[in-house]
Amino acid sequence: MTDFKTIIARLAEGRALDAAEARAAFEIVMSGEATQAQIGAFLMGLRVRGETVAEITAGATVMRERALRVTAPANAIDIVGTGGDGVGTWNISTATALVVAAAGVPVAKHGNRKASSLSGTADALQALGVNLDIDPATIAASIEKAGIGFMFAQAHHAAMKHVAPVRADLGIKTIFNMLGPLSNPALVKRQLLGVFAAEWVKPFAEALRNLGSDSAWVVHGSDGMDELTTTGPSAVAELKGGSIRVFEVTPEDAGLPRASIEDLKGGDPEQNAAAIRRLLDGEAGAYRDIVLLNTAAALIVSGKAATLKEGAGLAAKAIDSGAAKQTLAKLVAATNGKNNV
C-alpha cells in the first residue's frame, strides 16, 4: 500500500496523483489511519494544485463503497448541488425534487444541512415535517410509497467524521465539497447536479461517467448559483450515452421569464419551508419559474421530456394538479411511520 507521507510529498511537488495513488490516499483518510495534520496537508495539496478528475473519481468511489447503502429503482435520479455558492437562494433543488417525483420519476435525494445559505435541503425538509432520522429500509419504502426519499449525508457517510474537524479548521472549500454530490448512497445512475463554478461542469460530468452514470446534467448559473438560473444563462455539461456535450441554456428555452437575483433570495428553514408550501399550492412568481426550469432539466435527464419547454409544461402540471403537494404529504407520512400514504 502507498505510504501516506509519500503521497503528501508528491502533492508538495505539485504532482497529480494517478487513480491508484488517489484511491490509496482516500482509503487511508476515510479509515482514520491519517493524522489530522496529514489530512490537512493532503486537502491543501489537492486544492492548491487543483483537483483532477481522477482524484475526484477515486474519492467518490471510496465514499460510495463505505456509505450506508439504500435500495432505489434503476431509473431513480438525484437532484443535488455542491452548495457553497454563496448566493443564499430558496431551496431550489428540494422543491425541484418534490415536483420531479410528482411528475413520475423516482427521486433518491442526497443532501445535507446548510453550506453557505441559511437553509440546506435537510434544514428545509425537517421544517416541512420530514423525519431525517430513519434507516435505509424506511428510505427505500419512502421512495416506493411517495416517489421520493431523502438520504441525510451525515447519517450515510460515517467515515466523514475523520475529516470533519480538519475541514472546519481549514474553513475553505476542499475536495470533500465536491465528493458529497457524487456519493449518493443509492448509487443512482442519473443526476441533475449543480456546481459552484462554471469551470467544474465538464470535470464533474467526466467524474460521473467514470462512476457509471448513464445520464446527467451538471449545471452552473451565470449568477453563481449551483442550479440552472432564471436570472440569465447557465452552463451545462450533459452526459448521455457515454458522451459529454457542453452548452448553454436560458430561461427562455423553457418559455420562462427572467428574474432578478433578489426575487430568489431565501430565508431560514421555516421561511423556506413556507415558500415551498406556497409553491406547491400553486403560487406564481420567480420561485416557481426556477423550479419549473430545474424540473424540466431533470425530466430531460430521466427521458420524460425531450425539451426544456416540454419539461416545464410537465412540471407545471405536476404542481397545478396537486400531485406535488400530495408527494410532500406522502414523504412526511412515509418518514414518520404512517401507513396512510
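Cβ coordinates are placed from backbone N, Cα and C, and glycine is handled just like the others.
Sequence annotations record features per position, and here Swiss-Prot assigns anthranilate 1 binding site to Gly81, Asn112 based on sequence analysis. In the shown protein chains, 25 other C-beta atoms lie within 10 A of the C-beta of Gly81 (anthranilate 1 binding site).
Cβ neighbour count for Thr89 (5-phospho-alpha-D-ribose 1-diphosphate binding site) (all protein chains, 10 Å cutoff from its Cβ): 25. The DSSP secondary structure for Thr89 (5-phospho-alpha-D-ribose 1-diphosphate binding site) is strand. The feature 5-phospho-alpha-D-ribose 1-diphosphate binding site is assigned by Swiss-Prot to Gly81, 84-85, Thr89, 91-94, 109-117, Thr121.
In sequence order, Gly81, Thr89, Ile92, Ser93, Gly194, Val219, Gly221, Ser234, Ile290, Asn294 are the residues near Glu227 (Mg(2+) 1 binding site), counting only same-chain partners six or more apart with C-beta under 8 A. Per Swiss-Prot, Mg(2+) 1 binding site is recorded for Ser93, Glu227, and the stated evidence type is sequence analysis.
Arg167 (anthranilate 2 binding site) falls within a helical segment according to DSSP. Long-range Cβ neighbours of Arg167 (anthranilate 2 binding site) (same chain, at least 6 residues apart, Cβ-Cβ under 8 Å): Leu43, Thr174, Phe176. Annotation source Swiss-Prot lists anthranilate 2 binding site at Arg167, citing sequence analysis.
Under the heading Mg(2+) 2 binding site, Swiss-Prot lists Asp226, Glu227, citing sequence analysis as support.
When the Cα atoms are compared, His110 (5-phospho-alpha-D-ribose 1-diphosphate binding site) and Asp226 (Mg(2+) 2 binding site) turn out to be 15 Å apart. There are 27 other Cβ atoms within 10 Å of the Cβ belonging to Ser93 (5-phospho-alpha-D-ribose 1-diphosphate binding site). Taking each of the binding-site residues His110, Arg113 in turn and counting other Cβ atoms within 10 Å of its Cβ gives the largest count for His110.
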